[in-house]
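K.L.:
Provided herewith is a single structure, encoded as structure tokens, for subsequent inquiry.
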Amino acid sequence: MHSTQPADVIPMTNLSHAQRETSGVFSSEQEQLPPASSEPTTRKATAMVSDHAIKDQSVRLPFARFMAAYLCLCLCYFTSYLDMNAVTLSLPTISKSLNAGPSITWAGTAFLLGQTSFQPLFGRLSDIAGRKPVMMAAVFCICAGGLLAGFARSPVWLYVARAMNGAGSAGISSLVAIIVGDLVSLKDRGKYQGLIAISIGTGGMCGPFVAAGLVRTGPEGWRWAFWVPSMVAAGCLVLMFFLLPLKSVKGNGREKLLKIDWFGVGASVTGIVLLLIPINSGGSIFPWTGPLTISMLTIGSIFFVVFVLVEGYVAKIPIMPLYLFRQRPRTILYVQGLLHDFVWQATQYFMPLYFQTVRGYSPLQSAILILPYLAGQCIAGSISGPIMSRFARCLPVLRFGFALWTLGAGLKVLFSLDTSIAVYVVALAVEGAGVGLVHQPGLVALQAFSTSKDRAVATSTRNLLRSLGGVAGVAVSTAMVYAVTSGALRNAVPPLLLERVLDGSWQVGDAEAAEFEPTILEAKLKGFRAVFIMSVPVMALCLLGSFFVSDVVLKGDEKEDIEANDTQPPLQVPSTGYVGNETKG
């Protein structure tokens, strides 16, 4: 069976040096491998099977074709963040419309739950089935999930649809990074991954304004906050069908299905769901000491252990190879991803709620106030890529980003009941700039410590840990706000009013509870401030960890290809290795 590919897709091992220059994109990266001692010493049989089963899907396109595909990927990312950020600002209105009460936090948690549960699958699935079909499936989830959410008639309906959106977002975040890695060299990857921050930031900035404008159109206007991203996603599907290159992967459908690590998928999804439901709802919907909470935590932990055992000793093509964690720099980057998304998702979720429920701003005003955070993220992220490409380094950018993020997180502790707009702008812009200088440089650093064979699973594993951190961040922060607020008000307001405050039905300016408003606002502020304080040491730990990761040279492939005289056969990559030269000191 012979694989086929479009005529204008240029196999990266077949280009001459002159052709690379005229195409506008350099050819394949030549990976400098580590000493033999760094290769895994266990699961050798499984590693051998994986080496034969996984095909390098790197391709080089003519510049015009590459830019068309790249812009298509950027639009997909824009759609994902448009969907994610539009919904957060609409939550108070949605809660009233569907009578969701305090369970409305599940709109955010269900999204993150779907994102996290399916995150491990996409990287390896794209290795087995090919990048393009898996990418299109992910965008379809955004399209269908948004359509269903817009027609929701009950909270449960909405939460299921949001979980579907989360699964699609998981696929987009992994596949865009993987496909860009397939299309450009490591040195240029920083530039193009950094420019993706523009689409992320633009989608994030447009989301709140789109939602705020739609919510104001009427009681049911919030439904369009789901339908608009769904329609954009439908357009992405059409564009991807024509513009995204397809590098065929050998095997028919049945053979590809048999290659999937179904035991690992089942164990990971079950374990993640059973662990995150009680973590999210413990202390609010379910008592922490209740039998249901304890049972889910216990069974979820067992399934997680089973997942680790399956990945380490059973799966021939594991969705999360354990040897990814045997290299110190890569492990630190993984832990940083979990921790910084713990803070990032909590900030994105709770800042609009702080503006609306503590300061009494409207959804539109809240969207304007969150703009410095999103703009800082967009601008800093867009310049991080060219800086990495110019100096062929990513760790200095990453460290500076963590420093800014820690500073911005600390400035949020100053927020009060009468904070000036200027303080909001400065604090959120600083933190947003830190976010922008962390996300893409962290990805480039991880890929610099991974071979092309491991690129997909290394990326999806990072995104899994980021998603786990995000779910935990929202869940822990929700529990913290709930506990601190209820504790401060338990003996200060009537029980019925306390119930209204906790379920979100009380709002600033409520005439029936005017005498208790200062007390309620002070209690709510304490809850949000507890979350802000918690984020500071978490980000400081990320900053400290970055100094235990040695810097690497982000090497292009021009020099190596000249030395190969365009006649060297394709590089056979062993199971693990560094890319680039590690600098000492």
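Any Cβ shown, glycine's included, is placed from N, Cα and C.
I grabbed these lines from TrEMBL:
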type	residues	note
COMPBIAS	20-31	compositional bias 'Polar residues'
REGION	20-42	region 'Disordered'
DOMAIN	69-554	domain 'Major facilitator superfamily (MFS) profile'
TRANSMEM	104-122	transmembrane segment
TRANSMEM	134-152	transmembrane segment
TRANSMEM	158-180	transmembrane segment
TRANSMEM	192-212	transmembrane segment
TRANSMEM	258-279	transmembrane segment
TRANSMEM	285-310	transmembrane segment
TRANSMEM	331-351	transmembrane segment
TRANSMEM	363-385	transmembrane segment
TRANSMEM	397-415	transmembrane segment
TRANSMEM	421-446	transmembrane segment
TRANSMEM	467-489	transmembrane segment
TRANSMEM	528-549	transmembrane segment
REGION	561-585	region 'Disordered'
COMPBIAS	565-575	compositional bias 'Polar residues'
K.L.:
Excluding the flanking five residues on each side, which residues at least 6 beyond the ends of the transmembrane segment (397-415) place their CB within less than 8 Å of a CB in that stretch?
P.N.:
336, 340, 343, 347, 354, 380, 384, 387-388, 423-424, 426-438, 441-442, 445, 525, 528-529, 532-533, 535-536, 538-540, 542-543, 546-547
K.L.:
Excluding the flanking five residues on each side, which residues at least 6 beyond the ends of the transmembrane segment (285-310) place their CB within less than 8 Å of a CB in that stretch?
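P.N.:
Beyond its ends, the transmembrane segment (285-310) has Cβ neighbours at 102-103, 261, 263-264, 267-268, 270-279, 318, 322.
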K.L.:
Quick test of the contact rule: Cβ under 8 Å, at least six residues beyond the ends. What residues does that give for the transmembrane segment (421-446)?
P.N.:
177, 186, 189-190, 193-194, 196-197, 200-201, 329-330, 333-334, 336-337, 340, 344, 347, 351, 369-370, 372-382, 384-385, 388, 394-395, 397-398, 400-409, 411-412, 414-415, 458-459, 462, 539, 542, 549, 552, 554
K.L.:
Would you report the average pLDDT that the model assigns to the domain 'Major facilitator superfamily (MFS) profile' (69-554)?
P.N.:
87
